[in-house]
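Feature list (source: TrEMBL):
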- 38-61: transmembrane segment (TRANSMEM)
- 73-93: transmembrane segment (TRANSMEM)
- 105-129: transmembrane segment (TRANSMEM)
- 141-164: transmembrane segment (TRANSMEM)
- 201-220: transmembrane segment (TRANSMEM)
- 275-293: transmembrane segment (TRANSMEM)
- 313-335: transmembrane segment (TRANSMEM)
- 342-363: transmembrane segment (TRANSMEM)
- 375-401: transmembrane segment (TRANSMEM)
- 408-437: transmembrane segment (TRANSMEM)
Amino acid sequence: MSMFTHMLAILFGMGSWVSINGLWVELPLIVPQIPEGWYLPSYLSVLIQMANVGPLFVTLIHRFRPGALNETTVIYVIIILGTVASFLLGFFWKETVLVAGVPRSLALLVLTFFLAAVDCTSSVTFLPFMMRLQPQYLTTYFIGEGVSGLLPALVALIQGVGVVHCINTTQSLNHTINTSNSAGNYDLQAQYQPSNFSAEVFFFFLSAMMLVCLVAFLLLNHHPAVVREHPNPRYTNGTNENSQSRRTWAEQRPMMDPFRHQNHKSRSSFGTGSYSWMQVVYIFVILAWVNALSNTVLPSVQSYSCLPYGNNAYHLSATLAAVSNPLACFIAIFVSIRSLVFLGFLTVLGTGIGSYIMLMAALSPCPLLAEDTSGAAVMVLAWIFFILSLSYVKVIIGVILRDEGHSALVWCGAVVQLGSLLGAVTMFPLVSVYGLFSSGDPCNTSCP
């Protein structure tokens, strides 16, 4: 294996969700300066789900007109679109337009939709493209996908987004300025610190990351060192340039798998036939479930679960959870357990940890051990192991489906988006409409 190709796979995977992940971590800096205020996260959730029209279109074309869509061309288009949209955000994110007499951040919302369409469509195009490379590089790609969430979070930390200082304030009982001779009520007030650099610079950084992804994709397609590592020059890449027989070969040819008998009996018409239809349904149900939990359900309540334990607990859980994703992918390079029973066990374990996090979010602003240091430690560890376990499941399922052929990876990306969609549709009314969760104050959490 080539370290150069590994690095390109990481940089390519990094472009998959870096734009939307970056937009989310920048919200504390954006929200005070736009008319939508804290309604913006709700708008973003709706826009991201509307953007699933991209992967839906690709999946339907692949299903009903196999080979009609040039996968490489689609990837070039969406990466360039993501680069341009991120760059334009740096200039227009604060611009407002009167809509029905009310100022709206129309440019921000439109450009966000394009970014969401890029990132959602990457799920059904980037993964199948990795069929061009040896199976080992798929895990490296997942590391890059994890970095797409970690890197913007680290840059936002350097920027100082959401950094809170708790300061003593005095509210005089007789409302006089001079409190030296009057009794006062002392309280802690959260004061958000100014950022080290502007949101414009951050958006230009996101644009640069998409440009890096574009360069990596160019090299993955054309660099001689990478081309030599293609499994077989007859790989069709899902286009009409080759004959139907070659497409069939690319779809059905199993990769070398030490866990599979070479003369195995076909158990279904899915992929290479290694799995029965019951097992295929089991795999895809787990895939949809873990993506719903890790991509939308639990992230939508992260602030509710962490802020009652303090601002440090919130930042630690967000940062270390982001680190856990690529760490799980790195572990999968050396320890790849494909047992469906083991994947089910990890899914149940991650779901159990996620249930604890959800329970603490529901109990906010007074969850268990809210005023104890151990409570913050448990919450941070819960987020780490939640993301670690479910990320490992996602990677191994991706590796399994990669061996089942190009179509299996297309359906893998579609199910990832479906799971995320179902999670968002479930949580949006609970959080934004019915208001079932109450946020804790990072400086003043007082519980009986």
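Including glycine, each Cβ sits where the backbone N, Cα and C put it.
Because TrEMBL annotations are produced automatically, they should be read as predictions rather than curated entries.
In this chain, the transmembrane segment (73-93) lies close to the transmembrane segment (201-220): three or more C-beta pairs between them fall below 8 angstroms, excluding pairs fewer than 6 positions apart. Proximity of the transmembrane segment (275-293) to the transmembrane segment (408-437) is established through 3 or more Cβ-Cβ distances under 8 Å for residue pairs spaced 6 or more apart. Highest Cβ pair count under 8 Å relative to the transmembrane segment (313-335), across stretches 38-61, 141-164, 201-220, 375-401: 375-401. Proximity of distant same-chain residues to the transmembrane segment (201-220), defined by a Cβ-Cβ separation under 8 Å and at least 6 residues beyond the stretch ends, is recorded for 5, 8-9, 11-12, 14-15, 18-19, 22-23, 26, 29, 75-76, 79-80, 82-84, 86-87, 89-90, 93, 132-133, 151-152, 155-156, 159, 226. Non-local neighbours of the transmembrane segment (342-363) in the same chain are 282, 286, 289-290, 293-294, 297-298, 301-302, 304-305, 308, 379, 382-383, 385-386, 389-390, 392-393, 396-397, 436-437; each lies 6+ residues outside the stretch with a CB under 8 Å from one of its CB atoms.
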